[in-house]
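Notes to accompany the following structure.
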Amino acid sequence: MNDKTPLLYAAPLQGYTEAEWRHYHAAVAGGADAYYTPFLRIDKGAVRSKDMRDITSALNNGIRIIPQILIRDTEELRTLVDAVASAGYREININMGCPFAPIIRHGRGTALLADREMLHALGCEMKERYSDVRFSAKMRLGLSDPAQWRTVIHEINEMPLTHLTVHPRTAAQQYSGELHMEEFAALLRQSSHPVVYNGDLSTPADIDRIIRTYPAINGIMAGRGLLARPTLFAEWRTACEQPTDSRLAVIIRLHDAIYSSYRQRLCGDSQILSKIKPMWEYLEGTIGHKAAKAIRKATSLAKYEAAVATIR
Ligand SMILES: Cc1cc2nc3c(=O)[nH]c(=O)nc-3n(C[C@H](O)[C@H](O)[C@H](O)COP(=O)(O)O)c2cc1C
């Protein structure tokens, strides 16, 4: 039985939880113990510069940030860990759960769960070369078999991990369908690492239910639920659900801060719109279909601002 307050992690979502969102979410809504970054990866032999910009932004200061890396072998591990560590980080998450076919085809993401030798080699490299780095991993249950994790749990247990975040779906399921909770419970028992639960947490009651059902978990992670309800963690911590109008007020403050930051940093309507519009994709339930559609269709900042004004 774990009698400590579970840790609350903000999940990584490419295109949504970049530096601006993390910074202003922490400042305006709060409640997260740490923020994972969307994965950093290698492109044409080097770490993508856009990924490095995201983790070296001054907006990360003062927040616990856990950069995530997408790798397929020990060489990529070294390249990415060296780059992330050179930016000052000593806490790094390994992606073992990306479900996209092109990523898996090249041996990355969930594909690692099918490669015991590679998991063993990665674990050795982490221990021998990076004893000053605290690693964690984020995984699914398998590629298409929700019991596949059982074939590699020994290698995962041998890795030097501070925690293991588990989204109890297979890669084939992508982001919907049954959560395999019986497999999650078995993994929780067999993992030698503290386990963090991730998947479909949308309300404070969802968080309560997971913590009550699995008291041995070390924490929970929310992604889409936190984008749709930025106050989710703050509400859970205070055991006080906020009415829709106060949640909307936080969303507007969060938006205004992020939008103003993008307007200062980026040039041209289309660049700014392409960065700010995704924030609304998970908020349609709160702002309504009509406003969401007007925001989606806006082709200039003037039209965009007019669409956002309708929900103020
Ligand atoms: C658009 C999108 C982008 C994502 N990007 C990442 C990523 O970069 N790294 C990662 O580990 N997971 C990524 N995920 C998965 C989420 O972190 C999370 O595991 C998944 O959405 C389930 O949690 P949720 O139901 O709380 O959203 C992404 C998910 C979505 C929908």
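Even glycines carry a Cβ here, placed using N, Cα and C.
TrEMBL names Lys138, His167, Gly223, Arg224 as FMN ligands; from the candidate set Gln68, Gln271, the record adds Gln68 to that same site.
For Gln68 (FMN binding site), the Cβ neighbour count at a 10 Å cut-off comes to 27, with all displayed protein chains included. Around Lys138 (FMN binding site), the same-chain residues at least 6 positions away in sequence with a Cβ under 8 Å from its Cβ are Pro12, Tyr36, Gln68, Asn93, Ile94, Asn95, Met96, Gly97, Leu164, Thr165, Val166, His167, Asn198, Met221.
Summarising the environment of His167 (FMN binding site), the number of other Cβ atoms within 10 Å of its Cβ, over all protein chains shown, is 25. In this structure, Gly223 (FMN binding site) belongs to neither helix nor strand by DSSP; it is coil.
Neighbour list (Cys98 (active site, proton donor), Cβ cut-off 8 Å, at least 6 residues apart, same chain): Phe39, Leu70, Ile104, Arg108, Gly109, Thr110, Ala171.
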